[in-house]
């Protein structure tokens, strides 16, 4: 950790080569098809959620579904930043990425990822207010406040991405240029720096690991209060609906946060597990979000049925 590499500063890196995920050569075609299918399903699934929330008046007027729509939008872009490069790794095409492209990818990855982190916290807060403060919920969480909070999450995410990209690429990179990862991310890129990285690793630990862990703890605290409130609901149907709504969110949050904390609280680690673990929150989570929120959310399923019935009726009237 924090090592300084002795290398000639005359040779400046102009591009990086992403080594990608380690895989047996005989599985290259299969992995290409798997990740390509995941990408297409992720885009279609999240687009379906986004259009459903936008098209159904009962959904887009409620903060919970405004947040869900924003989450789907984020998932589509986050997946587009990551998965195409993973797919490219399974083809004969060049694995090189320009220096500026690497900077842009790291910025957008952390911008979108941290915005998603803050959004999950807002979703937990929204559920806490809805279940623990039902009478005051319309006042405490209205459409205007929801919009302000979402805008704040985007701004905070952009600031976070800018800080991480600036600190990472202010360091000199003079060779080698092979990034032992599937994207330009902080731990993998810092290993190539020709300067001391102690400050960067400390900032990564605090700004990513601790922030992510803190958000996760706030979410768990919210859900501890939610579970306590749900257990007081007298009707079995009421308890079931409340657990169903919150269970879907908590499932996604766990799949996202646990791998993220695992990687960034160990910024100096060179474990071969890091790549496999990162796939969960960069590739799998955006795919799972629409599945979990549609299959486990009765209101979304009802909205899909209403939209489908409306489209069918419109086609029959033509």
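A Cβ is built for glycine as well, from the same backbone N, Cα and C atoms used for every other residue.
These features come from TrEMBL:
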type     : residues : note
DOMAIN   : 45-293   : domain 'G-protein coupled receptors family 1 profile'
TRANSMEM : 30-53    : transmembrane segment
TRANSMEM : 65-87    : transmembrane segment
TRANSMEM : 107-125  : transmembrane segment
TRANSMEM : 145-163  : transmembrane segment
TRANSMEM : 208-231  : transmembrane segment
TRANSMEM : 243-265  : transmembrane segment
TRANSMEM : 277-295  : transmembrane segment
Find the member of 30-53, 107-125, 208-231 that has more C-beta pairs under 8 Å to the transmembrane segment (277-295) than any other listed stretch.
30-53
For the transmembrane segment (208-231), name the stretch out of 30-53, 65-87, 107-125, 145-163 with the most CB-CB pairs under 8 Å.
107-125
Looking only at residues six or more beyond either end of the transmembrane segment (30-53), which have a C-beta under 8 A from one in the stretch?
21, 23, 59-60, 65-66, 68-69, 72-73, 75-76, 79-80, 83-84, 86-87, 90-91, 283-284, 286-287, 289-291, 293-294, 300, 303-304, 307
Same-chain residues at least 6 beyond the ends of the transmembrane segment (107-125) with a Cβ under 8 Å from one of its Cβ atoms are 64, 67-68, 70-71, 74-75, 77-78, 81-82, 141, 149-150, 152-154, 156-158, 160-162, 164-165, 183-186, 208, 211-212, 215, 218-219, 222-223, 249, 252-253, 256-257, 260, 282
